[in-house]
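Per Swiss-Prot, the feature D-ribulose 5-phosphate binding site maps to Arg37, Glu38, Asp42, Arg150, Arg151, Gly152, His153, Thr154, Glu174. Annotated Mg(2+) 1 binding site per Swiss-Prot: Glu38, in sequence order. The Mg(2+) 2 binding site annotation in Swiss-Prot covers Glu38, His153. Sequence annotations record features per position, and here Swiss-Prot assigns site 'Essential for catalytic activity' to His136, Glu174.
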Amino acid sequence: MNQSLLAPFGTAIERVEAGLNALRQGQGVLVVDDEDRENEGDLIFAAQTLTNAQMAMLIRECSGIVCLCLPDEKVKALELPPMVENNSSQYGTAFTVSIEAKVGVTTGVSAADRVTTIKAAIADGAKPSDLARPGHVYPLRAQPGGVLTRRGHTEGTIDLMQLAGLKPAGVLCEVTNPDGTMARLPEIIAFGAQHNIPVLTIEDIVLYRKSLLANVG
């Protein structure tokens, strides 16, 4: 059903291209995963261009659990251990310990403070000592190989940033309805139309990456 509902937005390749263009312009994208998986849509921004207004939108329109997707090597460089030793979550979402910037924040909860924390974490040469633990930003470790390894929003986010030529770090949060329930694809499409945000799927990113590999081959 996802593909049929998204058909008005073009092919899978065209939807990804629209998303990449939005990210390059400092705007957000909406990414929906497989119907037989979480069947949820995440609002995603590039970490390097994230603004306070965009963070406020994530907090206001989404679940409130704002996550910072990072590649494995960045997680290791920041010495961020897993949140739990044995991850028993349904889809193995790789949360690390939560973080806070050590400098430039007050309580760490405000939109501005969360942006400060994210900028501190993704800075070139960022050190473990730049971050306090725990905090109000939740890093997620992406699997090497991206969506071709794991079809999750974390990997999709990193893939999109790399395909857009941006730093491999993105911020996401699950879109919710006004009544607090999770937004599904019809609501995600309506939300995208309301805010002029392109919509694509994890499957689209898989197809896009496979097409690139086929062209190289």
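Positions of Cβ are set from backbone N, Cα and C atoms, glycine also.
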Task: Could you find out if DSSP has His153 (D-ribulose 5-phosphate binding site) as helix, strand or coil?
output: helix
Query: Just checking, which of Arg151, His153 (binding-site residues) has the fewest C-beta atoms within 10 Å of its C-beta?
result: Arg151
